[in-house]
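These come from Swiss-Prot:
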- 116: active site, proton donor (ACT_SITE)
- 22, 23: phosphoenolpyruvate binding site (BINDING)
- 92, 121, 122, 123, 124, 125, 304, 326: UDP-N-acetyl-alpha-D-glucosamine binding site (BINDING)
- 116: 2-(S-cysteinyl)pyruvic acid O-phosphothioketal (MOD_RES)
């Protein structure tokens, strides 16, 4: 096991290139199951979630070859292999195997998925959609069993706007007989990315990016090449880091329209931001003003940037209030930030951050992916050295994070943990 060490106080300057979108990758790879021939996805991030999904595709009989950031999947010999245990439980997005395998084979067995614990994140809307399409869904010994004689198009209203349910129902519906309409659908860029792949494979999908998606089922889908979109959450994380500790930072390979809510909030804080087609220029030359944020479904402020933004607010004048309406339990980073001298209160469903304060280096633990990003930004700001454990969470979603921050001027490195440190970490 490794730990991450950061010597705070070094300004960030230079250019960083954003990787392919994690939240697209975890759906694009299972979507390849639906094709009858090879699918190549270009620009995938080199992160552990992608490795896990590649292994799962091989478990069900697929052939997966990797060439740098490009992966080619041969689905011709895939079978409806049950996946009740093992790697399927390592990440939450393995639930996309439900929709893809149901769409391809009319049956699937998938262990209840894992990933970051963020409080109650039920998959009831996914199941509602599968049942509407004609599947029988049961929960047996910690695995979801899906069976259907045939899938037929249906009108499905999502009770809550859900990215996962929207994508999963799309995957199951593209080969169903007739038309499927998803109402109150999510609008995230990653959904558009998945729909673009499916359309390139021969699917008939309209309305993606709006709250009503219409899918006319087709009998078969073919292989194709697809280039993934840039990761707006990674781009947002570096934008927040640049606002916190940057002089002049250029973020390359980004779609600024995907980050309008964050850019607006950073400008409210007096951060200088200039946009071009694929780049953001960020400079901090004035004291930060505090702001309030409320996470919302896209195009609102992303829940995945709430935790990194908390660290930024510790440097702003006066108090800022953060309310996460998507995952209210996303608060495990707060105790760790308090260890670093942050002044944070939790009242009801809101987090109140007071500043500016000088953060202090400390030993802290990342409890989930975006909590890890929050602690890294705090480490860049802190006086002294910050030690961060729980890197398995961080490596799930940030490609070459140590190298990218080092190239911007951060003093950041990894070290192997001793046996004693591992024992202490397990008791934290």
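Backbone N, Cα and C define each Cβ position, glycine as well.
On a Cα basis, residue 23 (phosphoenolpyruvate binding site) lies 19 Å away from residue 125 (UDP-N-acetyl-alpha-D-glucosamine binding site). DSSP assigns residue 123 (UDP-N-acetyl-alpha-D-glucosamine binding site) to coil in the three-state reduction, outside any helix or strand. The two recorded residues residue 92 (UDP-N-acetyl-alpha-D-glucosamine binding site) and residue 22 (phosphoenolpyruvate binding site) have their Cα atoms spaced 12 Å from each other. Of the candidate binding-site residues, 123, 124, 304, 326, the one lying closest to residue 22 (phosphoenolpyruvate binding site) when CA atoms are compared is 304. Of the listed binding-site residues, namely 22, 92, the sparsest Cβ surroundings within 10 Å are found at 92.
The two recorded residues, residue 23 (phosphoenolpyruvate binding site) and residue 304 (UDP-N-acetyl-alpha-D-glucosamine binding site), have Cα atoms 11 Å apart. Around the Cβ of residue 122 (UDP-N-acetyl-alpha-D-glucosamine binding site), 10 further Cβ atoms fall within 10 Å across all displayed protein chains.
Summarising the environment of residue 304 (UDP-N-acetyl-alpha-D-glucosamine binding site), the number of other Cβ atoms within 10 Å of its Cβ, over all protein chains shown, is 22.
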